[in-house]
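Engineer: Please read through the structure below; I'll follow up with questions.
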Amino acid sequence: MVHEDDKALFVLSKINGVAKAKEILGEIKATAQEKTEKLFTYGVTVIVIGILLSVFQQAIGINAVLYYAPRIFESAGAEGGGMMQTVIMGIVNILFTLIAIFTVDKFGRKPLLIIGSIGMAIGAFAVAGCDGLNVKGIIPVLSVIVYAAFFMMSWGPICWVLISEIFPNTIRGKAVAIAVAFQWVFNYIISSTFPALYDFSPVFSYSLYGSICIIATFFVWFFVPETKGKTLEDMTSFWKKRK
């Protein structure tokens, strides 16, 4: 056991320096000895924030916007709109997911989520405006691409990162399961209600998603803690103080 501690200390020292490594190792060992606790041991706030992160990831309407994308590409004069949309969106998804991967630890989770929410709001309102004004061509296509790009550099991957980091160790299993369950529930709600909303008014439906993006911006700004550079033990201490 002593040798295992020495190995762990050696690795941590390479990353954090000797003094900090000893502190981190002590926190890890203390956390490992903790037993699973009741879900609301650290209060309701952390659970609600985790759930709302999942809810907003779906409620901002990514599936609904992409559902309409082939029609927009066809209106721009692209032959085989569905195939063209698949290729372009695939490239956008890969590029902007890579941007998230390489910047999330540099800029933090919150800044990317806030920037992403604002960008998606612009894209969603632009789609609504193009439909309301019967604008055809490249502008509605770019609006969809902007929306998808900002989603892929923010809520797409980073929501999962935050959900895995935000909860204290002793309630993580239960809390993550609940958050993911809400994500699937709202995925179903958004997907099943979009056709009726779209039939009622395309402008209203995309304006609604744009408005939700704005609400998500304020939610992240005021309520979501930054987990960049924080250990799991740091988050446990953070929620204990806010309990």
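Each Cβ is built from the backbone N, Cα and C atoms, and glycine gets one as well.
TrEMBL entries are annotated by machine, without manual review.
Copied straight from TrEMBL:
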| type | residues | note |
| --- | --- | --- |
| DOMAIN | 1-228 | domain 'Major facilitator superfamily (MFS) profile' |
| TRANSMEM | 39-62 | transmembrane segment |
| TRANSMEM | 82-104 | transmembrane segment |
| TRANSMEM | 111-129 | transmembrane segment |
| TRANSMEM | 141-163 | transmembrane segment |
| TRANSMEM | 175-198 | transmembrane segment |
| TRANSMEM | 204-224 | transmembrane segment |
Engineer: Considering only Cβ pairs within less than 8 angstroms, which of the stretches 82-104, 111-129, 175-198, 204-224 has the most against the transmembrane segment (39-62)?
Structural biologist: 175-198
Engineer: Please compute the mean pLDDT of the model over the domain 'Major facilitator superfamily (MFS) profile' (1-228).
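Structural biologist: That stretch averages a pLDDT of 83.
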Engineer: Need a quick answer: max count of Cβ pairs under 8 Å to the transmembrane segment (111-129), which of 82-104, 175-198, 204-224 is it?
Structural biologist: 204-224
Engineer: Counting only residues 6+ away from its ends, which parts of the chain sit with a Cβ under 8 Å from the transmembrane segment (82-104)?
Structural biologist: 66, 69-70, 72-73, 112, 145, 148-150, 152-154, 156-158, 161, 228
